[in-house]
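The block underneath contains the structure these notes are about, expressed in structure tokens.
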Ligand code: FPP
């Protein structure tokens, strides 16, 4: 049963909150959690605000959930921040989304460094504006020695393109004699993906009531547990995150066995 929580503060956690965290940590914590952060636009619309206000509120939620994930002992948190399809949105919204990593990292990077969080990015960097890439590269560089949570932003990411690029690379390597066709296995293929340094997600969370994957980590999610919630991303709280992990802990993962 979930108890009402106050907003998360590292130095000021109520005992019920600490108890919940202890309880979660006493069981298997998902090592890699991936989140499709959906519902920012609807959150804003409900308040008669511009869509970008929802994205901005969503950015604050990223900060809270990152800290909590790190605290619980999650090793990797992958966040779908911008898809290869999101370029179709109005220019003003795209420009805003491209500025969010700068604002997020400009505000929170020192705290992330202190919390031992390592920032990474997964996606095609070619089309990203220079200012976005610069902020991400600085964060990756400043946190490269950190050993805590890996905060992995999926930015200009699309799974089908990722898989196609991997296939092309495999074909090249076979042609050049670097790879023996018969030795190609699931493990070898995974090394050609953008997530090559990460384990597959154990838990996928999607907010806002949409029940689909939207071209997100299609290969990597093969055996992942899914948690869908109607909560819109800007309303997604520590309580909701804890609930998702509790649900995960109640699942039986059989990987096709019995
Ligand atoms: C989907 O909601 C959300 C996005 C396309 C952007 C997600 C970005 C954030 C939550 C902020 C990211 C923060 C950092 C630090 C990079 P939607 O706009 O499709 O919502 P809707 O379906 O209600 O319209």
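Here the Cβ of each residue, glycine as well, is placed from N, Cα and C on the backbone.
Applying an 8 A CB threshold to same-chain residues 6+ apart, the list for residue 38 (active site) reads 206, 207, 208, 210, 232, 233. Feature annotation from TrEMBL assigns active site to 38.
The active site, proton acceptor annotation in TrEMBL covers 86. Annotation note: residue 86 (active site, proton acceptor) sits in a helical segment as assigned by DSSP.
For 38, 225, the entry in TrEMBL reads Mg(2+) binding site.
Summarising the annotation, TrEMBL assigns substrate binding site to 39-43, 51, 55, 83-85, 87, 89, 206, 212-214. Under a cutoff of 8 A between CB atoms, and with a sequence separation of 6+ in the same chain, the neighbours of residue 84 (substrate binding site) are 123, 124, 156, 157, 158, 161, 215.
The DSSP secondary structure for residue 206 (substrate binding site) is strand. Around residue 55 (substrate binding site), the same-chain residues six or more apart in sequence whose CB sits under 8 Å from its CB are 40, 93, 96, 97, 100, listed in sequence order. Neighbour counts were taken as the number of other C-beta atoms within 10 angstroms of each residue's C-beta; across the binding-site residues 39, 41, the minimum falls on 41.
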